[in-house]
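Okay, structure first, notes after.
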Amino acid sequence: MIELCGLKKSFSGKLALNDINLFIQEGEIFGVIGKSGAGKSTLLRCINILEKPDEGEVVIDGQNLMSLSRKDLALARHKIAMIFQHFNLLNSKTVFDNIALPMRIQGIDEESIKQKIEELLPVVELTDKKDAFPSQLSGGQKQRVAIARALSCSPKVLLCDEATSALDPATTDAILSLLKKINELYGITIVLITHEMDVVKRICQRLSVMVDGKIVETTALSNIFNKPESLARKMLYAQISPELPTCLTRRLADYATEKPLVRLFFQGEEATVPFISQTSRELNMDINILLANIDRFDGVTCGVLVVELTANPLLLEAFINRCEQAGITVEVLGYVLPDGL
């Protein structure tokens, strides 16, 4: 559906995109994640040639956009919609007129425009806001208008540029649910860029990680746990791992005591097995659970535990071996000193 081949883009001699090669399947929700300045927005803008790449090919639905005339490119863009962090609504126009704008620019007749908007308003849950102005809407409602406007010309591709980063958590959840519904309802291919792993894990089937203008990893979310060195996996674990309280970190030493502090990452079936209680009995060791969190994405349950063990080096080694045999990732954070030292 979308194929990027050897894409390069530079600004003032500095590479923003460096040899990007990527294939996005028709009908999937694909995430691109990375820190600010990684090149995510530039990549997205190159997909619809808002930024023209210096080198490479952008093939959408079998058509190389880089080789099209200006007129043919304008026609091809009718099937590529885009929403942004900022909603870009016309404040002097009603919800109806904001959604109608792209269709009017294309010369679609008013009766067809009315029918399309009446179809879209229930989808974005704005049936009662047709005559409202942007100043009368919440941030989430404004983004819903922007989404309806993007869908008005029946695109095959929807590009989302940090579309939830200006929204509160509850509204973000609602917008992500809406995007997922749109994907299921219309079969639209969605490309979503973000710096938040939580957004990716909520709705994406596959993702790419960008670092300094390069794609360093592309994977299905369900395969993350099979790749111990996966950067995406590390980003996920960092998100779900509870932060250690100061009262604990100030008591940690890097030399061995008989109170090792260990972080455990579970996934899949391992997250539902009573591993801690079984191991405590079998190794005859005390295991004190200090922090825990569990989450679920793409049908996979994953969790993290921070535990304090009562174990000498040999017993700690036996514990780590048991974890590894069970498919549990282990990280020794340090050794707990007695309180007051």
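Glycine residues also receive a Cβ, built from the backbone N, Cα and C atoms like all the rest.
Under the heading domain 'ABC transporter', Swiss-Prot lists 2-237.
Annotated ATP binding site per Swiss-Prot: Gly34, Lys35, Ser36, Gly37, Ala38, Gly39, Lys40, Ser41, in sequence order, evidence recorded as sequence analysis. There are 11 other CB atoms within 10 A of the CB of Lys35 (ATP binding site), with all protein chains counted.
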#### Entry: Cβ atoms near Gly37 (ATP binding site) (within 10 Å, other residues, all chains)
13
## Note on the structure
Same-chain residues at least 6 positions away from Ala38 (ATP binding site) with a Cβ under 8 Å from its Cβ, in sequence order, are Met210, Val211, Asp212, Gly213
### Message
Name them in sequence order: residues not among Gly34, Lys35, Ser36, Gly37, Ala38, Gly39, Lys40, Ser41 whose Cβ is within 8 Å of the mean position of the Cβ atoms defining the ATP site.
### Response
His195, Met210
#### Entry: Reduced DSSP assignment, Ser36 (ATP binding site)
coil
### Residue, out of the binding-site residues Ser36, Ser41, whose Cβ gathers the largest set of other Cβ atoms within 10 Å
Ser41
### Summary
Ordered by sequence, the long-range same-chain Cβ contacts of Lys40 (ATP binding site) under 8 Å (at least 6 apart) are Val32, Ile33, Gly34, Ile193, Thr194, His195, Met210
